[in-house]
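Have a look at the structure below, then the notes.
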Amino acid sequence: MAEVGQLESEQDIIEKKIEETKQKFKNDYVQESDKYDSRDVDRLQKDDALVEAYLTWRQYSVDDALKMIDDSFLWRKEFGLNDLTESSIPKWMFETGAVFLHGYDKEGNKLFWFKVKLHTKDAKTIMDKKKYVAFWLERYAKREPGMPLTVVFDMADSGISNIETQDRWHWFVWRTRAHTKRKPLSFQAVRSYRSQGLIWRATLYNLLIKDMDFVKYIINCFKVYYPKFLSKMIIVDMPWIMNAAWKIVKTWLGPEAISKLKFASKNEIQTFIDPEYLPLHMGGMDPFKYSYPPLPDDDFQTPTCENGPIVSEDDNESKEGESEGKELESSFSSEVAVKPKKVYFSEESLSSLKLDDNDKGDCRTKGARKPLTTFKGPLLNVSPAEELSFGTKESERKCLIILDNVSKNQVAFKVRTTAPEKYRVKPSNSSCEPGASVDIVVSLHGGYQASLQDRFLVMAAEMEQNAGAGSPELAQFWKDVPKTKIMDHRLRCHVLESTKPILSYPSGCDNPVEGGANGHPDLHTTLMRVMVCNARLEQKLDQCLWVQQVLIGLVLVVMMFSFLTLYHLSGAS
């Protein structure tokens, strides 16, 4: 009870800090009507999570958080972030593939790739490049709010071999001396460097000035403009000649960001990223090759069932006579229309929903985890707001998504996932009447486990009045509806601790065999726990052997010292 009370008091303090920040920003900063984009100001006043992110990043100092918000909002207006679209960026930048989002790290964070060898410094395009980076960050922030990014600097082929081909190496030497306020080298000295084979100096100078402004901008994006957005910054295969440059970069990072900076070789990168999301030149198995258009995105597919298409009990008879050759219906073979139930929930009944055993439609939600948070969208409210939680227990293998239609018209919806072979979604394609709610059950197939990299996409679009809600009508509707009229919301997967025995297994090793979901031992879990126990015992044994060796060494030193002392004493006598 004491811990609960302490948590409540801490939450009260945070809420007071949030309100104080909002009020001070409104009174002290929002004075000129055109200083910031009004959309950013409105969002700050409505989004407590955004304010808390700034406060957290500034150790809950209201004044520091306000300064950060001021800098961030000024930058957002300067770059026009709320109106920044794909068409605002020169097409050739997307075609280079120097920056893109693809894959996930082991913690489920999206990977933000920087191909350093594809970047060249050009003062004429530096602003476009900055907007290019801002476009990717803003795009991800809107799609997966609150979810951090892992930045990966791929330094492959970005060392000396990438620079020496330039004939302007001597200019970089002279320019660098000028930038560092040191006496510029004469061209005679430059020629001397070349004649002495010291071209590496020119290369180093080039690297020190080539990307410093751009790298500093990227750092500021995570340090100031997007608080709590950085999970890790991984530098892969950094050439030795760039060590000096990154020493400068470290001075720009705050204490929070320095701890997130990781240097890794090709052999070490798999500590952070699984091979399935690593390119081939890093020893991975990801066949992905960047191309444009379109922009790379998660491969959301229609969820399938190992027993065939997902069909509700009410539609079994009607589906038997339908043709399987409908256009587009084949690509959505597992998406079968289910007539929505007009079920109304109060706020109290939502958290404590009781199932009626006589209602077959509600029986399928039995055992599903009820959502506790809600995302409020323009067409549908989606519960939960951010993530679905799965575990290994029978009660943890099924989750519930609740869709509430808050529009005045009928809304069509469909659910897709990046792992269609793992999940059964029922219904995955249907419609919802105005003011009605629809329960969607997401369950894991028997032999599969949820992963942090798994994602779900809820798509919704407003339908015309008296539009048909059958499978052919919905298939045609999704074919014709403009992308601009589609609301989409992404959900990520959260893996409960029970699914990670290696991490959650206690330090003791007794009774490693525990019952599975049906009371029988889970052989895989048991084997993993035994292996963990064995690894820990080996580690303790190694420690004991090391201590033993140290003690033996100390004993030998003491014995030698004693013999020497006795020898000197006998010689003196």
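Note that Cβ sites are derived from N, Cα and C of the backbone, with glycine treated the same way.
Predicted, not measured: the structure shown is a model, and the values here were computed from it.
The feature domain 'CRAL-TRIO' is assigned by TrEMBL to 101-290. Annotated region 'Disordered' per TrEMBL: 303-333, in sequence order. If you look up TrEMBL, you'll see 318-329 marked as compositional bias 'Basic and acidic residues'. Summarising the annotation, TrEMBL assigns domain 'MSP' to 379-496. The annotation transmembrane segment is assigned in TrEMBL to 546-569.
Note on the transmembrane segment (546-569): none of the residues of its chain located 6 or more positions outside it place their CB under 8 angstroms from a CB of the stretch. Secondary structure of the domain 'MSP' (379-496), assigned with DSSP and counted as helix (H, G, I), strand (E, B) and coil, comes to 16 helix, 56 strand, 46 coil. The average pLDDT for the domain 'CRAL-TRIO' (101-290) in the predicted structure is 73.
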